[in-house]
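**Q** Here it is, the structure in full.
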Amino acid sequence: MTVSRLRPYATTVFAEMSALATRIGAVNLGQGFPDEDGPPKMLQAAQDAIAGGVNQYPPGPGSAPLRRAIAAQRRRHFGVDYDPETEVLVTVGATEAIAAAVLGLVEPGSEVLLIEPFYDSYSPVVAMAGAHRVTVPLVPDGRGFALDADALRRAVTPRTRALIINSPHNPTGAVLSATELAAIAEIAVAANLVVITDEVYEHLVFDHARHLPLAGFDGMAERTITISSAAKMFNCTGWKIGWACGPAELIAGVRAAKQYLSYVGGAPFQPAVALALDTEDAWVAALRNSLRARRDRLAAGLTEIGFAVHDSYGTYFLCADPRPLGYDDSTEFCAALPEKVGVAAIPMSAFCDPAAGQASQQADVWNHLVRFTFCKRDDTLDEAIRRLSVLAERPAT
């Protein structure tokens with residue numbers, strides 16, 4: 001029997017949609033995992049590590065070479081310095097890092113601010129910590145989405161302890177601007193908040209967008225836990241190698257929780273990820289270019305079918321509105337889509353939290369949108385577009 005605070009989160013929509021897609025042979029544009037492998041040298045390094053006996057517990061904070069590689073990568077790309085001995089912690093994916101940060105730094109009864117819509121693990125880990133969620137929605141901005149800084153400022157109360165920020169943003173594909181990040185920094189400093197930043201798509205930004213780590217803004221280095229992962233950077237979502245970077249005092253809190261979640265993980269994958277961080281910048285750049293082209297390919301196909309497609313400047317995802325085709329409820333639309341046309345997608349309402357006050361209203365606002373992933377091979381995207389074209393031939397109304 002599941003405890004009451006976790007009953008709303010018993011099964012994720014991603015697991016449900018992926019299982020349905022597998023069962024009926026649908027093209028899975030719902031869950032964000034690529035169908036191509038990462039850098040060959042990284043894959044070989046993992047095989048070599050296994051063959052070489054790197055199969056027992058690694059050090060609790062992560063292997064020293066990986067922590068050094070993470071710190072060097074942050075410095076090289078973003079100009080942010082971390083001591084690999086005390087300010088870098090290797091985790092079992094970014095999801096564990098997020099959970100450990102909340103569990104290790106947020107007291108029961110305090111409030112955590114979430115920007116809605118949000119990745120589905122945020123809300124349950126806040127519940128696990130015994131804290132309260134307070135949501136602040138993104139707002140439409142032309143063909144994209146933007147932060148309402150005034151709404152964020154109003155949401156802060158004396159009980160607010162932490163703020164979780166995700167940019168590049170899953171599910172919308174928005175990338176927070178320097179102006180938006182500066183506003184977040186000003187609010188966080190004024191209210192003395194801990195900020196947990198989920199930056200797993202930091203290298204997957206397109207067009208004019210630029211990823212700026214919040215830790216680099218004035219007053220933020222001492223209060224920010226920056227979380228990232230090898231999964232999206234190197235097409236290895238199943239390896240579950242993530243990390244958290246931040247001031248030693250905060251990282252100690254994250255580690256205190258993390259050590260009782262998984263203790264350690266992925267011993268033979270850690271040297272492989274270290275190698276990739278040190279040597280595969282060109283591979284990541286090629287991945288970014290490929291994803292930009294695939295985003296354009298999927299967006300063009302959806303537009304031709306009749307969807308209204310929103311701009312995506314980062315991540316694996318874009319949002320589309322099926323109302324021009326006669327579908328007003330994306331939850332119902334996505335539930336029927338696999339069997340109707342053989343494609344799986346995720347309703348935007350899955351990223352909203354109806355248990356968190358005003359979020360129940362926001363679920364209605366977002367429920368006309370659908371999230372599709374474009375991190376698939378061209379032939380996979382083309383087949384999905386071919387199947388979805390049935391909707392243009394037989395619209396709902």
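Backbone N, Cα and C define each Cβ position, glycine as well.
As the structure is a computational prediction, the values presented were derived from the model and not from experiment.
Swiss-Prot lists these features:
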BINDING   G109, S110, D218, G219, M220, A221, E222  pyridoxal 5'-phosphate binding site
MOD_RES   K232  N6-(pyridoxal phosphate)lysine
**Q** Hey, which of the binding-site residues M220, A221 is the loneliest by Cβ count within 10 Å?
**A** A221
**Q** How many other Cβ atoms are found within 10 Å of the Cβ atom of the residue listed as 'N6-(pyridoxal phosphate)lysine', counting all protein chains shown?
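**A** Looking across every protein chain shown, the total is 26.
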**Q** Taking only the Cα atoms, work out how far S110 (pyridoxal 5'-phosphate binding site) lies from K232 (N6-(pyridoxal phosphate)lysine), in Å, as a whole number.
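**A** Spelling it out, the Cα of S110 (pyridoxal 5'-phosphate binding site) and the Cα of K232 (N6-(pyridoxal phosphate)lysine) are 32 Å apart.
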**Q** What's the CA to CA span in angstrom from G219 (pyridoxal 5'-phosphate binding site) over to K232 (N6-(pyridoxal phosphate)lysine)?
**A** 29
**Q** How many neighbouring Cβ atoms, not counting its own, are there within 10 Å of the Cβ of G219 (pyridoxal 5'-phosphate binding site)?
**A** 12
**Q** For a quick check of understanding: among the binding-site residues D218, E222, which residue's Cβ has the most other Cβ atoms within 10 Å?
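**A** Going through D218, E222 one by one, the largest Cβ count within 10 Å is at E222.
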**Q** Using CB atoms and a 10 A radius, I'd like the single residue among the binding-site residues G109, S110 with the highest neighbour count.
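**A** Sorting the candidates by Cβ neighbours within 10 Å, the top entry is S110.
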